[in-house]
Amino acid sequence: MNPRLAAAKALAAVLSGKASLNSSLPTQLDKVELRDRGLTQDLAFGTARWQPRLSALAAKLLQKPFKAADADVEALLLVGLYQLFYSRIPAHAAIGETVGCADKLKKPWAKGLLNAVLRNAQRDGEALLIELEHDPVVRTAHPRWLQKALKAAWPEQWEAICAANNAHPPMILRVNRRHQRRDQYLELLKTAGLEASACTFSQDGIVLAEPCDVRSLPGFAEGWISVQDEAAQLAADLLELAPGQRVLDACCAPGGKTCHLLEVQPQLSGVVAVDLEAKRLVRVRENLERLGLDAELIAADARETAQWWDGKPFQRILLDAPCSATGVIRRHPDIKLTRQLDDIAALATLQGELLDALWPTLQVGGMLVYATCSTLPTENTDVIEAFLARTSGARELDIAGQAGQPPAGIKQPHGRQLLAQQGGHDGFYYAKLIKIAAQDRGGAGVTS
């Protein structure tokens, strides 16, 4: 299959609200020649990254919008526009190859439309984009609801956040403390001809100058390192793990943090890792096996503790709560297409429900770290404020820096917010809570 058609089919599923790129793209990649898979991924992710801008340009060039049933043609047009303005593919090849894919859609009218619109874009597109620059949706390539939400939350930083969201993300590694010191592994990378440097905030983190195939990394198969963003690496040390503790990792997939907990403290009494869907735990199990680690994996709704909790308290809980993922848009640019404003309030409700449900499983004196990869206060500091207001036995702890560094991110009314940095960490939020008393049914705290 032509990589342009494969990318368009994956994007059409996203535009139709039927899938994310993570679920729709692998199916299409299987239909593409191995040598074309990199191009297919670039076309799919690149088009999603710039979709708000490309769709605005398409609207200027089209006489009328596409019908919902023609999402495949719309996606193919966007892929064509992406090639013209954001790739090194020669214009004649971008237009010719994209128009040629129209035959496979079995819509006779599509070929002429695509040819005309793409040629007009080649001639007039740059001028039209300049015309459209006054609209912040076009300028930032973010949907209006998100652009407004970021501006309201971060009036001084919102444009930098958008720019970071549109940049290609760095490849960041986490060194397995059980096998290597970071300085040792940096030397191994140097010997292998891979340029890299130590991360600022994570004492296990290494950022590569250029992404590479994991199979070229020394000791990857042996479990010496994993791929994980620096911001996500901070969770394990924030928990202040000690030997003999029982730890819950709630909403654990794909398991990067689960594994890091076990690397940081090999003498835990056990880790229970819960996720909603059994199929998501497959990846967790694969990561554990590669690293030679063990955890109890449970497929369940973490809120329904009666279904999975054995009644034995946890001394530490990591709640990596489901969220809008607005801090990792650069890694998942289709979030711009799949998320809506209404989702945020619903997610905040879910996050509060998870906190309420898991808090009784935490031992008095135990610690819970709440984490999201969102940059929106509604899902972060506001959720913690509401939880503290209704939970008398909970207190917030300050977040300190690691390895002699100041704490990452920006102090919030509750917790700390990391904003995505070009060439650095993703957007992330952390809050740290301690249980000073149990909660009776009337809501009062009782020590025990």
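Any Cβ shown, glycine's included, is placed from N, Cα and C.
Copied over from Swiss-Prot:
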- Cys251, Cys252, Ala253, Pro254, Gly255, Gly256, Lys257, Asp275, Asp301, Asp320: S-adenosyl-L-methionine binding site (BINDING)
- Cys373: active site, nucleophile (ACT_SITE)
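In this structure, Cys251 (S-adenosyl-L-methionine binding site) belongs to neither helix nor strand by DSSP; it is coil. Site extent for S-adenosyl-L-methionine: among the recorded binding residues Cys251, Cys252, Ala253, Pro254, Gly255, Gly256, Lys257, Asp275, Asp301, Asp320, the largest C-alpha separation is 20 Å. In sequence order, Val274, Asp275, Leu276, Ala302, Leu319, Asp320, Ala321, Pro322, Leu354 are the residues near Cys251 (S-adenosyl-L-methionine binding site), counting only same-chain partners six or more apart with C-beta under 8 A. In this structure, the recorded positions under consideration are Ala253, Cys373, and the one with the smallest number of other Cβ atoms within 10 Å of its Cβ is Ala253. A straight line from the CA of Ala253 (S-adenosyl-L-methionine binding site) to the CA of Cys373 (active site, nucleophile) spans 13 Å. Taking the Cβ of Gly255 (S-adenosyl-L-methionine binding site) as reference, residues of its chain lying under 8 Å away and at least six apart in sequence are, in sequence order, Ala273, Arg283, Val284, Arg285, Glu286, Asn287, Leu288. In this structure the alpha carbons, written CA, of Lys257 (S-adenosyl-L-methionine binding site) and the residue listed as 'active site, nucleophile' are 13 Å apart. Sequence-distant neighbours of Asp301 (S-adenosyl-L-methionine binding site) (same chain, 6+ residues apart, CB-CB distance under 8 A): Leu276, Gln307. Secondary structure at Lys257 (S-adenosyl-L-methionine binding site), taken from DSSP and collapsed to helix, strand or coil, is helix. Around Lys257 (S-adenosyl-L-methionine binding site), a 10 Å sphere centred on its CB holds 24 further CB atoms from the protein chains shown.
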